[in-house]
Each structure stands twice: as C-alpha cells, then as structure tokens.
Amino acid sequence: MGCSRNCGLLTGAIIGGVLAIFGGALIPLGDYLVDRTIRKDVIENGTIAYENWVVPGSPVYRQFWFYDVQNPEEVMNNGSRPILKQIGPYTYRMRYLPKENITQHPDYTVSYMLPNVARFEPDMSVGSENDTFTCINLAVVAAPSMYQNSFVQILLNTWIKSSKSLMLQTRSVKEILWGYEDPFLKKILYPVERKIGVFYPYNGTSDGLYRVFNGKDDIRKTAIIQSYKNKRYHNYCFISSIDGASFPPFVKKDRILRFFSSDICRSIYGIFDSEQIVKEIPLYRFTVPRAAFASPLETPENKCFCTETVLSKNCTASGALDISACKEGKPVYITLPHFLYASEDVSENIEGLSANKDEHETFLDVEPTTGFTLRFAKKLQINLLVKPVQYFTAIIDDKKAAMFRSKVISSIKLLHLLQVLLIIVGCVMFLAFVISYCICKSNKLSE
C-alpha cells in the first residue's frame with residue numbers, strides 16, 4: 001500500500017519533470033519554428049505575405065480637410081491676414097485594386113505598378129464632392145514661381161487680368177483635388193495643360209514603376225524599395241525604404257522604420273512611440289518625429305528640400321519641406337497639419353490654425369513578428385508658396401535729377417530755342433528778300 005502510494009508520487013514527479021523539460025525545450029524550438037515560418041513569407045506567389053502585398057488586407061482611405069478662407073476680399077485688396085476655417089473630412093477609398101505588371105527578377109527583386117483610383121465615400125464625409133471652398137488659385141499662384149523671366153511675367157499678368165482670375169477662387173472639392181479647366185490657362189497662347197488640380201491627373205493613371213526586394217535572399221530586405229521610376233534612392237534626399245504597407249519581419253523597438261511616399265517624392269521615417277492593441281493584436285506604434293521636418297542644421301538629410309532661401313531663412317527655419325523639384329517646378333511645400341513642429345514665423349500671419357500633436361502626427365501600427373502594418377495614418381498638409389509678380393521699376397533721385405536737368409535738359413532746351421530762333425529769322429529774311437525782289441522787279445518793269 002505504501003509502495004503503491006510512493007510509486008504513484010514518484011511517477012507523477014517524473015512526468016511533471018519531463019513535461020517541464022519538454023516545455024522549456026519548446027521555447028527555443030517554438031521561436032525557431034516561428035522564425036522558419038516567417039522567413040518563408042517572402043514576396044512570392046503562394047505565400048501569405050504575397051497575398052497581403054498584392055492587395056491590402058484592409059481598406060485604405062484618404063481623408064481631406066480644406067481650409068476655407070473667410071475674408072477673401074480683405075486678403076486680396078488690403079493684404080490682411082487670412083482667416084481660415086477647417087472643414088472636413090471628405091473621404092475617398094484608395095488602393096483597392098491589385099498591383100499590376102508584377103514581374104519577378106533574377107536579382108531577388110519584384111517590379112510592379114500601382115493603379116491610381118479614388119472612390120468617394122459619402123457616408124464617411126461631412127458633405128458631397130460638390131461642396132465649395134474659397135482657396136488659393138493653383139494656376140495663378142504657381143505661374144509666377146515657374147516662370148521667373150520678367151517679360152514672361154508681364155505676359156502672364158496680362159493673361160491673368162484678361163481671364164479675370166484672382167489669387168483666391170471658389171471651387172468644389174472635386175475640382176480642387178482631381179482637376180478643372182482653368183480660365184487663365186486657356187488664355188495662354190502657347191501649348192500648356194489647360195487642366196489643373198492638386199492631384200491631377202490621378203484616376204486612370206498608375207504610380208511607378210516600383211522595384212522592391214522580395215526577401216528570398218535576405219528576409220531583412222523584404223519589400224525595401226530598390227528603385228522608383230528606374231531611379232535608385234540612396235542619397236540624402238531619397239533614402240531606400242518601404243511603401244509602408246509592410247516591413248521586414250521581427251521589428252524591434254529600437255529600429256527606425258523608413259517608408260516612401262510618392263505623393264511627396266521622398267522617404268520619411270518613424271521611431272517607436274508606444275505599444276498598442278488593435279482587435280486583440282499587440283502592435284508597435286511608430287510616429288514621425290519633429291526631426292523629420294527640422295531644418296538641415298538639425299537634420300542634415302533634409303538639406304535637399306531647402307532650395308528657397310527666403311521662406312526658410314537660409315535653411316534655418318523648420319517645418320516646411322520644398323518638393324517643387326518633383327512637382328514640375330510648382331511651389332509646393334509639405335508640412336504637418338496646422339504647421340505642427342514648424343517655426344513660428346511660418347504660420348504667424350495666419351488665423352484659424354491650432355496644431356495638436358495627438359491629432360496631427362503621422363503614425364504606423366506594426367505587428368512586430370510579421371512586420372505587417374495593420375493601422376497607418378499619414379497626415380500631411382499641402383501648401384503653395386505665394387510670391388508677388390516681380391516687375392523692375394525705378395525712379396531717379398533728386399540730386400541726379402538736378403544734374404541731369406543742368407547737363408542734358410538745359411542743353412536740349414537751348415538747342416530747341418536756337419532751332420526756333422533760326423527758323424524764325426530765316427523765314428523773316430526769306431520773306432523780306434522775296435518781297436524786296438518782287439518790288440524791285442515790279443518797279444523795273446514799270447519804267
């Protein structure tokens with residue numbers, strides 16, 4: 001009886017010890033199995049990673065807020081500070097079509113095109129696409145910056161006036177975003193695109209060509225962009241990165257996540273901020289820091305976005321990145337909403353702004369094991385730099401005017417007086433001699 005009890009206890013202890021050892025052994029084994037499984041999820045047909053890569057697993061929306069100028073007449077006539085009222089969101093469904101022209105290459109890369117499509121979502125918007133706002137006239141503002149020649153600017157000013165276009169205009173959501181025929185552009189005599197919009201042309205076009213690493217040779221390079229439109233981005237301006245939909249697996253908190261946005265023609269980055277839970281899935285939140293929009297003095301990689309020395313105060317001001325080089329020369333600047341993190345002088349002459357870090361910062365929520373982005377909020381503000389049309393005017397000063405009058409004008413007046421005097425004397429002498437000649441001849445005939 002005692003033996004049976006002791007044997008049972010001993011057996012239980014042995015079984016417990018074996019289970020504990022087995023459980024301990026499963027820790028590295030489990031990590032190995034997870035690692036092996038994840039490393040098989042490269043961008044290749046038949047993998048989970050490929051399915052999520054071709055078409056985003058969750059719907060992608062782009063929401064727009066508009067600044068409506070409340071005092072347009074005062075701004076245009078008196079140069080008053082614009083008073084802005086933010087209205088939105090106006091929501092569009094994006095990126096719901098699969099990638100096109102997917103081609104695997106021998107160098108462990110895959111190329112593709114992203115079809116551009118935007119479908120208005122009225123249930124997620126505050127109004128319709130036909131809602132109107134008073135905002136900057138894109139064509140009138142862009143033209144003087146694109147054409148600096150003084151003669152050309154005189155022509156542009158003539159066409160602007162003849163078309164009755166103004167710096168501020170009232171347009172609908174649909175027109176502002178996706179394009180409209182501008183009356184000023186119609187007046188230009190040489191061939192130019194008559195249509196203009198913030199994202200024109202968009203629907204029916206494609207973004208790319210993208211070429212990314214598929215991860216088959218190195219899982220750490222999965223989805224990293226090798227080139228965009230056949231250009232490699234490894235300099236300060238365009239750093240090799242990812243489109244943001246997914247990152248290489250096994251993301252660590254101390255890692256910097258770089259992602260590329262074709263809207264602003266550059267890579268930007270996020271740093272770890274906090275842990276999040278989305279639908280019971282633990283995620284790492286990465287946010288875009290202030291340094292990403294800092295001056296080149298603070299962030300050297302921003303130096304190629306500083307090409308305009310007046311607004312940037314010789315590249316010492318923060319918060320605004322010049323992307324005109326990839327917008328066909330249009331004076332387009334990118335900031336965070338309400339000029340978050342920007343230097344005070346950038347927004348000091350505008351009323352109606354209220355920057356808020358929690359509301360206006362860009363973030364990505366990434367599942368750390370797979371590297372999939374399960375929530376992404378990219379928040380940017382598009383700005384146009386307004387410059388006055390330049391005309392060269394000058395007026396002589398009083399001292400030089402007096403010298404000019406004494407040296408030039410007086411001589412000219414004297415010459416004119418002499419000319420008149422000679423003409424009068426000559427005419428009098430001519431008439432006198434003619435009359436005298438006629439009298440003499442008449443007297444001679446009478447004799």
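Note: Cβ is positioned from N, Cα and C throughout, glycine not excepted.
Those TrEMBL annotations? Automatic predictions, nothing curated.
Note that the coordinates shown come from a computational prediction; the quantities given were computed from them, not determined experimentally.
The record in TrEMBL lists a disulphide bond between Cys306 and one of Cys304, Cys315, namely Cys315.
Here TrEMBL annotates a disulfide bond for Cys326; of Cys265, Cys304, the partner residue is Cys265.
It is Cys315, among the disulfide-bonded residues Cys265, Cys315, whose Cβ has the fewest other Cβ atoms within 10 Å in the structure shown. Counting every protein chain shown, the number of other Cβ atoms lying within 10 Å of the Cβ of Cys326 (disulfide bond) is 15.
Cα-Cα distance from Cys315 (disulfide bond) to Cys304 (disulfide bond): 10 Å (rounded to the nearest whole number). Taking CA atoms as the reference points, Cys326 (disulfide bond) and Cys306 (disulfide bond) are 13 Å apart. The disulfide-bonded residues considered are Cys304, Cys306; of these, Cys304 has the fewest other C-beta atoms within 10 angstroms of its C-beta.
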